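Novice: Attaching a single structure in C-alpha cells format; questions to follow.
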Amino acid sequence: MSHHDERTFVMVKPDGVQRGLIGEIVSRFEERGLKLVAGKFIQIDRELAHEHYGEHEDKPFFDDLVEFITAGPVFAMVWEGADATRQVRSMVGETDPAESAPGTIRGDFGLDLGRNVIHASDHEDEGANEREIDLFFEEDELLDYERIDAAWLYEGEDH
Ligand code: IDP
Ligand code: MG
C-alpha cells in the first residue's frame, strides 16, 4: 500500500438519506480527489448499531442514537486517499452541527446534534477506520481500480 491508500469509513445517516443529501455528500469527496472503493445502501439493525456505537453504550444519548441510526436506510461507503481519515473528518466538521464551520458537511446541512447527517471514522481513535470497514464490508466488496485522474492528484505520480 502506498501512502495514498489510506481507507476510511463514511456513512450518510438516515436524516441525510431522507433529506436527499447522498449525491451532494458523495460529490464532495469525489471532487476532493478521494477514491470511492465501496458503497452499500442498507438499513442498520439493532445488533449492528450496538456494535458500531459500542463505545457510547453508557452515554445518556445511546438509546436515542440507536433509534436514530436504525430508523431508515443509510448509505455506507469506503473512501481512499492520502491521509483520508483525517481529511474526511475535517470535511465533516464537529460532532455538533451548531459548532461546525460553514463549508463542512455538518456546518452546511445540519443544526441539531442528534441529527448530524453523516458518520465518519474518528482519526483520533487508532484503527477505527479499519474496524468500521470490517464491520460493514466484506473484503471482496472493496474494489481495486485507479481513478483516471490519479496522475494529476498527487505530485510525483507517473503521467
Ligand atoms: P462523531 O460522530 O463526531 O464521531 P461521537 O462523539 O462519536 O461523534 O458520537 C457519535 C454520534 O452520537 C454523533 O455523531 C451523534 O449522532 C450522537 N451524539 C453524540 N453526542 C450526542 C449528544 O450529546 N446528544 C445526542 N446525540 C449525540
Ligand atoms: Mg465518533
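Note that Cβ sites are derived from N, Cα and C of the backbone, with glycine treated the same way.
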Novice: TrEMBL has K13, F61, R89, T95, R106 binding ATP. Which one of N116, N129 is in the same site?
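Specialist: Of the residues offered, the record points to N116.
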Novice: Rounded to a whole number, how many Å is the Cα of H119 (active site, pros-phosphohistidine intermediate) away from the Cα of F61 (ATP binding site)?
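Specialist: That comes out at 16 Å between the alpha carbons.
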Novice: Under DSSP, is H119 (active site, pros-phosphohistidine intermediate) part of a helix or a strand, or is it coil?
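Specialist: Going by the DSSP assignment, H119 (active site, pros-phosphohistidine intermediate) falls within a strand, counted as strand.
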Novice: Looking only at the domain 'Nucleoside diphosphate kinase-like' (5-144), how are its residues distributed among DSSP helix, strand and coil?
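Specialist: Once the DSSP states are binned, the domain 'Nucleoside diphosphate kinase-like' (5-144) shows 63 helix, 28 strand, 49 coil.
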